[in-house]
Amino acid sequence: MELKDLFHKQISFFNADLKSKDEVIEFLSKALLKEKFVKDEKVFKDAVYKRESEGSTGMGDGIAIPHVLNPTVEKSAIAFCKLKNKVDWQSLDDQPADLIFMIMTNGKDGNEHLEALANLSGYLIKKEVQDGLRSAKSVDEVKKLLSAPKAKKEELKKGESYDVIGITACPTGIAHTYLAAEKIQEYAEELGLKAKVETQGRRGVENVLTAEDVKNAKYIILAHEKAINGMSRFNGYKVVDTSTKEAIYKGKEIIQNYESHPKLMKVENAHDESSGEVGQLDLKQFKKVKQNLLAGVSRMLPFVVAGGIILGFGFLLDYIYTTAMGMKAFSSWEQYRDFFNLSDEIAKSKFKLLSDGKIIDPADAEKFLTNHFSQLGPDGVTMCYASGSFGTVWEVSSYFSAIGKIGMELMIPILGGYVCYSIVGPQGLMVGATAGLMANSDGFAYSKISEIAPWTGAWSRFLPSSLEGMSSGFIGALVGAYLGALVVFGLTKLMKNFGKGLQGVRDIVFIPVLSLLGVAVIMLAVNIPLGYVMYGLQKFISLLADNNLMVIVCILAAFMMCVDMGGPINKIAYTIGTLSVGFNLVSKETNAIAYEQQTMIMTAAMVGGMVPPIGIAISTVLFPKQWTLKSKDAAKTNWLMGMCFVSEGAIPFMIEDPKRISVSAMIGGIVAGLIVGVFKITIAAPHGGIFVAPLTNSLLFDGDGLQKGMGVVLYIVAFMSGSLVMGVVLGFWRLADIKNGKLTLSSTNGVKESLQDRLAKANQSNNTKKVEQFNKKLNDYATFEQNLKAKQLAYASKVAEKNKAKKQKA
């Protein structure tokens, strides 16, 4: 398949009168659906915008190459659009575009089309081809320009070597990868140098650099936005590690100023991912705290979500069972004593047996062969259970709770493991996971000594007695992951000069064994101060619970969820919430009230995370004139995303309007968190949105049935109230700023088009009265638009003057 074969008359357009990037994408998407190149217009458009959100496809020189790899594409093709007027495409050179190549493929029709697509960039960098495309009037002219024979690359003569070598790689591997390679080649030739560039794109790794190429090169350029394969080739060599954008536009300067380039670095101890060895070690990676934390949290989430929901289902089954059986829950021996009118000594003894699942009355042994957590009370009538065993009272529910608990137990080791992995590569996974286990797991080296498994708690003797059984939790896992990464880093540096014969033993035996011993000793030291930190956190939450002030924590958690919607602050709030679901913040022994109320933090985090997407959807419904048609259409999916607790549904809107959306979301989050705190709404699952509403309770009320019913109702009231407040604040704010000229809609809001449609219908029905009404409305709207444009120009002028004054002062 040749490049010209991907162009078709029915999807090639010349001198199209389109005013914006959105209009171009809309226009081409409709044309592709009409001509049956794609199956679903909306799915295709979403794929286009998803790629645009990852980085501009504006290549510069007035050229844009949006590209899509999606199953909705029927067959690979390129839609061409030459615009009458240039439009802003956020191009790499900050210049508008008028030549649009919409590349589409489903990836299923072989590799020939990938070869053709990659060749496109080679043609487009030529000035004569660009000029020819701008004067072209038919698809045949375009095909002719893009099928002219390309100049053959000069082969190396015997004994010669390449002066400039490089690797290019971009996320999709279609456009930037090959364009950057062509430009590096072009810049090198301009400087009289010979160049070879390896591409790691959609059609695989091509033009592979050899060890000889690397050894003889004077300039090495790595231009990429994704991880490069084969980094070990550059160990001991200086390289410029940059982006494809810089390679495309500043490649010549990179070569000319190679030795003084700010991104020049020496590669050391780099190994390929597939080898299972340590990745490229660099102390700079330790500074990327946000990136490392998010790497751990993102991999922890499946364990939290799956484990939490299954655990919550176990709780729900137990609720149904205990309610149907009319069982009575007891949270303390005092409550047990008062209900059955027992002496303190007997009440303490029997309640402990009940809590431990041991037989209270030996005569009842045969009745409770499978489950001892629900037993007949001393009165011979009341079936009772300890509230701490809820989730395991019914044998069936205990199966689900056990599985869910496994997922929850793994979340902290996974968090620690992948934070460490993010810093030092695969060798860090075991070290970080071990740190997580030692920081937050029952039955391991620092836990209470067990009679069943004597090796557990073996190191607890080194801890202060006040910390027996106390874990350092997620804080200990994060600190342990960082310190464990330092151990791996240090060991790798110490052993870097091992001979080839010992490198395998080093990576499989020496580094893992020594780093495991090292992190164990580190965690002994870490668990003491951080154990006290967690102890202080427990005491703080206990204090708030005792003084009925948990509402403060709930407001803060919901507020944090709305600050950056999926960013680090959001993740911190969510992580703390998930720990509460696993009852890892406060132990039952520390404070029974706080233990029972701690999942209010998770409830607040969840309703806070639901507010932004739903709030935006509400705003588009209540204030339709203040949103573009595209935004209103996109916001429809936010209803479902919000209900499912997917905060990221708000991110595309936040990118366009960060200030108004983030502030209004925070206000809505505060309202939602306040309701959760006031009504003491707890939850037994860390994810699921409205679908886990049956797992909520309101501790403000008495009685299991009332707690459950009001919990569900008030949970829905909390996130809907917060969303409504956000929607109203956001809508009025946008309304005021549009009227004052501070906010300009990027495209139509549909008002004018709606009036025109209604006028057309009135004309068809010969309704003179309505025709007059709609004409008047259209004239009024035209006047409104003119006044609005005048205000927008005045505001823009005012801003420009302020910026000018600031520059003069500076």
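Indices start at 1 and increase along the chain as displayed.
Placed from the backbone N, Cα and C atoms, the Cβ positions cover glycine too.
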Per TrEMBL record, range annotated transmembrane segment [choices 396-411, 572-587, 636-651]: 572-587
Among 300-321, 470-489, 667-692, 712-733, stretch most in contact with the transmembrane segment (509-535) (C-beta, under 8 angstroms): 470-489
DSSP residue counts for the domain 'PTS EIIB type-2' (164-260), split into helix, strand and coil: 41 helix, 27 strand, 29 coil
Contact between the transmembrane segment (667-692) and the transmembrane segment (470-489) (3 or more Cβ pairs under 8 Å, separation 6+): no
Number of helical, extended and coil residues in the domain 'PTS EIIA type-2' (5-149), per DSSP: 59 helix, 40 strand, 46 coil
For the domain 'PTS EIIA type-2' (5-149), the mean pLDDT of the predicted model: 84
